[in-house]
């Protein structure tokens with residue numbers, strides 16, 4: 001089994017010119033290789049909805065983890081409920097941080113995300129994901145290369161130094177148009193905020209509509225020297 005500890009650059013190749021740009025082949029390999037030990041950490045944005053639909057073709061009881069920071073839009077929680085109805089076999093887990101928002105405010109001050117967004121993301125996303133991935137050799141992510149410079153060199157299979165794991169990214173060759181074309185063709189239900197100028201959706205206090213079509217993540221942490229929540233750095 002390919003793991004972080006015995007990592008070697010994978011020699012396996014996946015087709016990039018098939019209708020799924022390799023995504024379905026990657027998922028079949030990953031679930032065949034890791035089985036129930038493979039976890040998908042999903043934000044339930046549009047890429048997540050597409051990837052869940054593809055996952056369901058391969059493993060109908062897959063484990064999906066949502067990092068429930070307690071700060072998400074109500075539309076995001078409503079989207080999760082609709083996903084549960086459409087894919088009843090999935091094991092969708094809402095992983096909460098150790099600290100409630102009230103406890104975090106007591107320890108670190110009110111609205112930590114406004115003063116120390118990196119610390120807030122660490123407490124409410126990074127630590128919970130580390131706990132969720134404990135004992136799992138690999139996890140799935142919906143990263144795409146065209147999401148921005150920090151993701152441009154992502155491979156199908158990646159040695160993940162942050163979580164000491166193997167990060168599997170089936171959608172790396174999908175474009176924004178590919179995502180929406182698949183969504184339309186398969187009549188997928190998605191977060192309505194995408195239709196209101198939010199191509200990338202995270203916690204409500206730190207997410208605004210995108211300011212430029214060239215940078216789909218330009219609405220995240222607006223006005224701050226921050227582009228990632230810490231999960232993919």
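Just so you know, glycine gets a Cβ as well, placed from its N, Cα and C.
Positions annotated as active site, nucleophile by Swiss-Prot: 229.
As annotated by Swiss-Prot, [4Fe-4S] cluster binding site applies to 120, 121, 203, 206, with the evidence given as sequence analysis. For residue 203 ([4Fe-4S] cluster binding site), other Cβ atoms within 10 Å of its Cβ number 23.
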Counting across all protein chains, other CB atoms within 10 angstroms of the CB of residue 120 ([4Fe-4S] cluster binding site) number 24
Comparing local Cβ density (other Cβ atoms within 10 Å) for the binding-site residues 121, 206 points to 121
